[in-house]
Structures are given as C-alpha cells and as structure tokens.
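**Q** Swiss-Prot feature annotations, pasted as is:
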- Glu94: active site, proton acceptor (ACT_SITE)
- Cys336: active site, S-methylcysteine intermediate (ACT_SITE)
- Cys114, Cys118, Cys121: [4Fe-4S] cluster binding site (BINDING)
- Gly163, Glu164, Ser195, Ser217, Leu218, Asn219, Asn293: S-adenosyl-L-methionine binding site (BINDING)
- Cys107-Cys336: disulfide bond (DISULFID)
- 100-330: domain 'Radical SAM core' (DOMAIN)
Amino acid sequence: MHMNRINIRDMSLEEIESFISSLGKEKYRARQIMKWLYSQGAKSFDEMTTLSRAVRDQLNEMACITLPEIARVQQSSDGTRKILFRLQDNSFIESVLIPGKHNWTACISTQVGCHMGCRFCFTARQGFRRNLKPSEITGQLTMLQFYLPEGPEIKNIVMMGMGEPLANYRNTLKAIRIITSDYGLGFSTRKITLSTSGITPMIEQLGRDLCINLAISLNAPTDSIRSELMPVNRKYPLDRLLQACRNYPMPGRRMLTFEYILIDGVNSSPAHAEMLCRLLKGIRCKLNLIRFNEFPDCPFKTPSEETVLAFQQILVKHHYTAIIRASRGRDILAACGQLSGKALEEKL
C-alpha cells in the first residue's frame, strides 16, 4: 500500500500540471508524465528518463503509480479471455477480451459489484462494494495492453463489465477523458460504448459532457415487465428513459443501441416484439438481441433458437436493425450478465 501518497494515474492532465507546478516544476512536465504513464505504460517514476533524477525523486516522495494486478486469466473455447484483477484493497473485478477478425474488444468494469439489482445479472448477486477509481478503470486497459504485447490490438472499448457506469459518473467520466486524450490512451470516442441500465438524469448529463456511443439495457417493452426485471425502472420508467434517448446527441450516422436480453417465457414472445417496435418508433437505433446466459442458481431460462429468430424477424419486418449477438465466453462465465469477481475471489 502507498499510504499518504496520491496515485498519479487518478489525476487528469490539468491536475498533474497543478501538482507539478506546486513542486516548482514546469507545467510541460505533466504532458511528459502522461505520455510515460499511458503511451509507455510506465509502472514507476524511475522509468521516466526524460525527467531529471531530482524530479523523479520528488515524485517518488509525493506520489505513486498503482495498477490493477492480473490474478487469473481464463480462456474460452471461442477465444474470449476473462481476466480477474486484484485491486490494492484486495477487491476483485473482471474484464473480458473479445477477439475479432483483426483486433480485440475490451469489456471493462466501473464498480466492484453492482447495486442495480437486475434479476438476470450474476454480478448483482455479489452486491455492491465500491466505485472504481479512474486509475482502476484506465488501469484495466493498460494491463490488458501489457497482456497483449504483440499481434492484434485493442480497438474497441465497451463499458459493459461489472457495475453501472453512470452510478460512478465522476470517475467514469474522468477515466473516459484520459482514455480519449492525446496525452492518455488516445482512443477515439467513436470506439467507446457505455452501457447503462437507464439512470435517466445521468444519460442527460453524459450527453452534455461527452460524445460517446450509448447502449441502453432495455430488456422489456413495458414498465411492468421491466420493473420486475430491473428495479431502476421503478424510479426511471420507460417514458422518461426514452425521452432522454431521443435527446441524446448522435452526430453523423451514429445510432443508439438497445440491448435486449431474451428470457424464455418473460419477454421473448411475438407480442413482446410487436410492443417493442411501437415503443422505439422514431428513435434512430439498432437492437442487440442477446440470449439469456444462465448462471448458477438463476431463476430464468434461455429461449429456444426458434423463439429468438421469430423475435428478430418481427423487428426486421418493422425495419429495425436487429442483430442476434453471439454469446462469447459462456463456458467461462464471461458472457453478458455472467461476470462476478466474487466467484473467483473465493477460490484464490
């Protein structure tokens, strides 16, 4: 533990500039430090050889660099990899690397556990422990890049791991700004998708603060079904949620994504599909249809392939783009709704 020293990876460029100035050093040193942290992946100030020894000594005295530690990696038969990270306080989170034809997609977490209580989600079973710091969000990407030193790179980032990103808004926003900064990880905002259960005021705030891709975990065409599956809907019902979606800025040809987990006998009938079409009328969007991924002691079942295809065909008939998403990593509990760092934590 680094008691009383600030983790410099929790700081923005402006904060590092202020910090460096307080040490009597030139502000441009902050940009050098950012480059070392994110472009070079420096794990210590001693690696930052463009800084004088005196500056490095000062930084070592006042600050530290801490990153999540890879505790375990599991590989699925389809190539998906689930990474268990140990944090400084011995909490555990999970990230997922999903292989594409020419690159990787990184699915990262924003909280230790989750308090949203969605009934179809394994993460909800472990409860909520705490929010992740900016360094713990960006640190997942840095460590995943270390893990993939050669070959295809990480090109896309989805904030769909453990936790509700908009319930950890300030830290998530700060992390995204570091991820997209020229002095940070340098990702385009077009390559980042944030998934939310639907905290409506924060969707509106996100639209004012950033321009990233937004995915809504919808999962039901009516308030009664959605409130049963997702307690957040009792506070932010569908009419208010969809109004926020209609107002969300989508430059160019971007579209909102609605994620719809198909659960047998709950939300997957042809009548549900017809209601969904009416609900989303007028919103520029696409739908990701996801077969419910079963987990230990879950109360729900995966629908048949026939049910899934029939649901998709109704959406397509109404001119919606509806993609049936392959459930990657199901055999290692790395698929949608299956992450739970606690499950592996107890075995370490």
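Cβ coordinates are placed from backbone N, Cα and C, and glycine is handled just like the others.
Could you place the listed features in the three-dimensional structure?
**A** According to DSSP, Glu94 (active site, proton acceptor) sits within a strand segment.
Around Cys114 ([4Fe-4S] cluster binding site), the same-chain residues six or more apart in sequence whose CB sits under 8 Å from its CB are Cys121, Thr123, Ala124, Gln126, Phe128, Met162, Gly163, Glu164, listed in sequence order.
Spatially close to Ser195 (S-adenosyl-L-methionine binding site) yet at least six residues away along the chain are Val158, Met159, Met160, Pro165, Ala215, Ile216, Ser217, Glu259, judged by Cβ distances under 8 angstroms.
DSSP assigns Cys107 (disulfide bond) to a strand segment in the three-state reduction.
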**Q** Looking only at DSSP and grouping its letters into three states, which state does Asn219 (S-adenosyl-L-methionine binding site) belong to?
**A** coil
**Q** So which one is it: of the binding-site residues Ser217, Asn219, Asn293, which has the fewest other Cβ atoms within 10 Å?
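**A** Among the binding-site residues Ser217, Asn219, Asn293, the sparsest Cβ neighbourhood within 10 Å belongs to Asn293.
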**Q** Please find which two of Gly163, Glu164, Ser195, Ser217, Leu218, Asn219, Asn293 have the most distant C-alpha atoms, given that the record lists them as binding S-adenosyl-L-methionine, and give only that distance in angstrom, rounded to a whole number.
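**A** The widest Cα-Cα gap among those binding residues is 19 Å.
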**Q** Look at each of the recorded positions, Cys107, Cys118, Cys121, Leu218, and point out the one with the fewest other Cβ atoms around it within 10 Å.
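**A** If we count Cβ atoms within 10 Å for the recorded positions Cys107, Cys118, Cys121, Leu218, the smallest count is at Cys118.
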